């Protein structure tokens, strides 16, 4: 999860987030090289005597500054499109969970079970136990099996919301009347925190999301106790 004064991304917990982190580093390196080149040219202009001030045509230079940006954009677009299609793929999910956004809480329904559904509200600061996180803890966590593909169906009962868990590389809009889907796959067990990421009213800041990723055996025991 995030911590104060953090400069980088959260630790990747899913294959998609690992891909997004690598793409971020790839793009940032390209930006760094371009920025270095531009600063070098500016420093030359400021520290050396200008020459060729009367040049009216430079076909070679124009060719370079047309082709080079196109190549750079292709180097950015290709891995971006690859990740985009990976995020849309859902192959044989073992579980489907329907998520509904409300003002201002989330409700969850495990569609593979008959009566496994609940609402998830933020725990007020006054009710927190020692060690719990302010504005991030909920009364009912979403318990899911780790290392297995899970399909999340996301919508809203009222206004626009956005269901986001940064460490899993997830951010999907919850739109009234529309059903969006996302894939959740966690590489390790643990608690993973997120929040509503679309301004949805006065209590927008009080819609946390907590995923508890556990081994399959523990998930089966939990689901049996909830039914």
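In case you wondered, yes, glycine gets a Cβ from its N, Cα and C as well.
Swiss-Prot lists 1-14 (among others) with the feature topological domain 'Mitochondrial intermembrane'. Counted with DSSP, the topological domain 'Mitochondrial intermembrane' (1-14) comes out as 0 helix, 0 strand, 14 coil.
Among residues of the same chain six or more beyond the transmembrane segment (15-45), those with a C-beta under 8 A of the stretch's C-beta atoms are 9, 72, 75-76, 79-80, 83, 86-87, 166-170, 183, 185, 187. The annotation transmembrane segment is assigned in Swiss-Prot to 15-45 (among others) on the grounds of similarity to another entry.
Marked as topological domain 'Mitochondrial matrix' by Swiss-Prot: 46-59.
Residues annotated as transmembrane segment in Swiss-Prot: 60-87 (among others). Same-chain residues lying 6+ beyond the ends of the transmembrane segment (60-87) with a Cβ under 8 Å from its Cβ atoms: 16, 19-20, 23, 26-27, 30, 34, 169, 182-183.
Swiss-Prot lists 88-227 (among others) with the feature topological domain 'Mitochondrial intermembrane', giving similarity to another entry as the kind of evidence.
The Cu cation A1 binding site feature in Swiss-Prot is assigned to 161, 196, 200, 207; the stated evidence is similarity to another entry. The Cβ of residue 161 (Cu cation A1 binding site) lies under 8 Å from the Cβ of 101, 173, 174, 196, 198, 200, 207, each on the same chain and at least six residues away in sequence.
Per Swiss-Prot, the feature Cu cation A2 binding site maps to 196, 198, 200, 204.
Using a 10 Å Cβ-Cβ cutoff, residue 198 (Cu cation A2 binding site) registers 18 neighbours. According to DSSP, residue 198 (Cu cation A2 binding site) is assigned to coil rather than to any helix or strand. Look at Swiss-Prot and you will find 198 tagged as Mg(2+) binding site.
Remark: residue 218 (phosphotyrosine) has no non-local neighbours by Cβ distance under 8 Å and separation of at least 6 in sequence. Per Swiss-Prot, the feature phosphotyrosine maps to 218; the stated evidence is similarity to another entry.
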For Cu cation A1, what surrounds 161, 196, 200, 207 with a Cβ no more than 8 Å from their Cβ centroid? 101, 103, 104, 106, 162, 174, 195, 197, 198, 201, 204
What are the other residues, in sequence order, whose C-beta lies within 8 angstroms of the center of the C-beta atoms of 196, 198, 200, 204 at the Cu cation A2 site? 101, 104, 159, 160, 161, 162, 197, 199, 201, 207
Cβ-Cβ under 8 Å with the topological domain 'Mitochondrial intermembrane' (1-14): same-chain residues at least 6 beyond its ends: 20-21, 24, 133, 136, 166-170, 184-188, 190-193, 213
Residues of the topological domain 'Mitochondrial intermembrane' (88-227) by DSSP state, where helix covers H, G and I: 21 helix, 61 strand, 58 coil
Mean pLDDT over the topological domain 'Mitochondrial matrix' (46-59): what is the value? 74
